[in-house]
Amino acid sequence: MALTLRSSTSFINIKDSSSLKTPDEFSGMVCFAQFKPSCRLRAKSSMQQETQVWRDQITTSFPSSSVLDGRRGTEQREKLHGLVSSHGPSSASSRVPVFVMLPLDTISIGGNLNKPRAMNASLMALKSAGVEGVMVDAWWGLVEKDGPLKYNWEGYAELLKMVQKHGLKLQAVMSFHQCGGNVGDSCSIPLPPWVLEEISKNPDLVYTDRSGRRNPEYISLGCDSIPVLRGRTPVQVYSDYMKSFRDRFREYLGDVIVEIQVGMGPCGELRYPSYPESNGTWRFPGIGEFQCYDKYMRSSLQASAEAIGKTDWGRGGPHDAGQYNQFPEDTGFFRWDGTWKSEYGDFFLEWYSAKLLEHGDRILAAAEGIFRGTGAKLSGKVAGIHWHYKTRSHAAELTAGYYNTRQRDGYLPIAQMMGKHGVVLNFTCMEMRDEQQPESASCSPEGLVRQVKTATSTAGIELAGENALERYDSGAFSQVVATSRSQSGNGLSAFTYLRMNKSLFEPENWRNFVEFVKSMSEGGRHTRLPESDSSRTELYVRFVTAKGETKKINEAALV
């Protein structure tokens, strides 16, 4: 008897909330046979398959179950940083574990796990492919939406049990930002209603640009230490949230939950929201704009200027920094010989980037104390802003808060700050090649990745990676494999793939993905999968023709 399940790209149930926007659902079919516990898993025979017309087939095998010791030998650290068999480089192997991001709407607006049967089948497929685990956003806007200190973790508890059942690991993201308005955002999850209420009373709680646009993605770091959220500071609110997560899931930490990625800005990244896509404000490859015009940031800038006797410098950001969609040479500040090189330019950029570093330091210090001794690693995400990288000023990086220019390394200070807390630096755009980018945008994702790898190596911390855009082609996977390797000890400790959806399970995409996972597990040596699996455990992703009706279906069958 077979159980048939339908799954979709979006796991949100529209009935849960009309405020959630999801992409069109897709129909997929996951079939697996019931079997006695004492029976071994084995592949379907050719005779069994004769009852169906198979259009395509992908076969994957389970990799070795051996895991790696991720402890760095150069320092004695708490258990917090001593983890993890499933995450971290080893002198004995160059294996890079692969995780997969779950859909943004894995948990519904009501706090429940969406489409649990479909999720169960999807996790089974990922496990069959040799994936180490999955990543999920623990949305502040869902968990604490009913009021301050009122947390609902039930949907995540159900997911964790399912992940554990399949022998997978979990990376949990403390997502203190809103979902919606950025690349890849397929649904809308705002900040908690009670927080939005406070923002409506005091709009300066969120980042603001020169023209007065307010960005509700994330609370401004300018008020990190001010009790603006009903008697608590934002950092206290984030800390209480992480404590609640720790207490609720203590039994899973260090075992199933192997990593806590701490959100520190929009998209969970340590940066300013300098290139917001919502409402068409910014378009690639615009330089973006500085986000320092809320009253808290302005007050800090004024104080810093007065401290060095330059009162005029504290009246606001650069007046000649242009607009979101301009190019560096269109502005007085960012052009080849612009004012970014002046004494004023250096003062402003030092202040702007230092505020971001202080923000990250405060939140990671809190997270380190909260998760110390749990066995879970900490990580922090940095954005891969590769456009205009070949210019002298690196304008797009500067507006995001990374003081990185032709003459100055902006990533080493970030890596060193994370190193203070034993945090893994997670970086994006690992799949990109320079030759694939528009020449006019002066992009160099490969150069940027090399610089970040050098910075993390110098700082003595681990580097993990993600792909910035959804890619399924072998070229993108090959680039990640190449990036993950290093002869000098600064390869990737883990890679998280963006993202699980219907496209991933298309036959050719799945074949490429499975080969990629296998290659990463073997230290980057290129391999192709055999047509059959000697371990007799096989995953099929196919097209099925059913009863006189041809229908395109994704099927995963474990027999």
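Start at 1 and count along the chain as shown; that gives each residue its number.
Just so you know, glycine gets a Cβ as well, placed from its N, Cα and C.
According to TrEMBL, the features are:
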BINDING   D137, H177, D185, K381, H386, T428, N467, A468, R499  substrate binding site
ACT_SITE  E269  active site, proton donor
ACT_SITE  E466  active site, proton acceptor
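In terms of local Cβ density within 10 Å, H386 ranks first among the binding-site residues H386, R499. Between the alpha carbons (Cα) of R499 (substrate binding site) and E269 (active site, proton donor) lies a span of roughly 17 Å. With a 10 A radius on its CB, E269 (active site, proton donor) counts 24 other CB atoms from all the protein chains.
Within 10 Å of the Cβ of the residue listed as 'active site, proton acceptor' there are 23 other Cβ atoms, across all protein chains.
Least packed by the Cβ count within 10 Å, out of the binding-site residues D137, N467, is N467. The CA atom of H386 (substrate binding site) is located 14 Å away from the CA atom of E466 (active site, proton acceptor). If you take the Cα of D137 (substrate binding site) and the Cα of the residue listed as 'active site, proton acceptor', they are about 15 angstrom apart, rounded to a whole number.
Cα of N467 (substrate binding site) to Cα of E269 (active site, proton donor): a span of 14 Å.
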